[in-house]
Amino acid sequence: MEVDEVVCLPRLSRVAVCGGTHGNELSGVYLVRELLKVKKGVMEKEEEQEEEEPLSVLKVLSNPRAMQQCRRYVDTDLNRCFTHIVSLSPSGLTSGTVPYEMIRSRELNAMLGPKGRSGAVDLVCDLHNTTANMGLCLIAYSDCDWICLHIFRHLQRKMPDIPMRYIHFEVSNKESYSLDSVGKHGFAMEIGPQPHGVVRSNVYTAMKAGVQHMLDWVCFFNSGTLFEGESVDVFTMIKHIDYPRDSETRNITAAVHPHLQDRDFCPLHPEDPLFQTFSGETLRYKGNEPLYPFFINECAYYEKGIALSLARKRRNQL
């Protein structure tokens, strides 16, 4: 009889749950605030009863200044500041001309990292909201990280009524740019749709459940539970598409087509409607293959020149 190979991995002793990396994405802000209300929360108490070595859960409000102003960021996007964090000079981050988020990224790297070093936390879960109709997504830089993929599969089983996807950004460790890249393992938990600057009870509740199930899985893993090999769908980001723009003013000249709006992760085929110009013309998708759109019409991405992202889907065996 053929026996599957058993893979043994070190326990996850330190996990960070971060909210407010974008100060107007309020589910994570309020969830982390709730977790910080008491020094010994229910999560930690349960974990200490089950484990000889208690799991350390760090609760972090990532961007306090942006949270105070209920803005995505103060000077620059904090979630794009971690690419070269290990090479940043502390003396170079004290000048008043340095963006606040660059200084804060250094502080977070000291708290949770250093990035790429043995002293970094074992797992970072960074909480985000999107205005796009994406359900609950885990976004990671690896499509073969055993820890992240098994957490995703655990959430799928525990939350069957919530649409859930695993998104893979094919970026090297050196070029990874977001807060979750500071940990040995990490992912963003992205939930929507929710307007920025607003908290919706159903979205908050889904995020709270997702975080609890994630921590439960870590406890199972640390206790020596065996996990069978499974398969999951992975959406690998292929490219971004910008809005049509005026060649001189750079103003957008079209909106996402009504037939595409809110259809995140539904296949987009060649010649399907993509945009509708402000004069009423339909612009069609000119790709060579069906791909899966996500972050459709995300509010925060107008400034980044992204109307939607496209992914290729494949089945990944754990």
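FYI, residue positions are counted from 1 along the chain as it appears here.
Quick reminder: no glycine exception, Cβ is built from N, Cα and C everywhere.
What TrEMBL annotates here:
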{"type": "ACT_SITE", "residues": "GLU190", "note": "active site, proton donor/acceptor"}
{"type": "BINDING", "residues": "HIS22, GLU25, HIS128", "note": "Zn(2+) binding site"}
{"type": "DOMAIN", "residues": "13-216", "note": "domain 'Succinylglutamate desuccinylase/Aspartoacylase catalytic'"}
{"type": "DOMAIN", "residues": "231-313", "note": "domain 'AstE/AspA barrel-sandwich hybrid'"}
If you measure between the CA atoms of HIS128 (Zn(2+) binding site) and the residue listed as 'active site, proton donor/acceptor' and round to the nearest Å, you get 5
Listed in sequence order, the residues of the same chain lying six or more positions from HIS22 (Zn(2+) binding site) whose CB sits under 8 Å from its CB are ASN63, ALA66, ARG72, TYR73, ASP77, LEU78, ASN79, HIS128, ASN129, HIS196, ALA300
Same-chain, non-site residues whose Cβ lies within 8 A of the HIS22, GLU25, HIS128 Cβ center for Zn(2+) are GLY20, THR21, ASN24, GLY28, ARG72, ASN79, LEU127, ASN129, THR130, GLU190, HIS196, ALA300
The correct DSSP tally for the domain 'AstE/AspA barrel-sandwich hybrid' (231-313) reads 3 helix, 35 strand, 45 coil
Cα-Cα, the residue listed as 'active site, proton donor/acceptor' versus GLU25 (Zn(2+) binding site), nearest Å, comes out at 10
For the recorded positions listed (GLU25, GLU190), most other Cβ atoms within 10 Å of the Cβ sits at GLU25
Students should find that the Cβ of HIS128 (Zn(2+) binding site) has, within 10 Å, a number of other Cβ atoms equal to 25
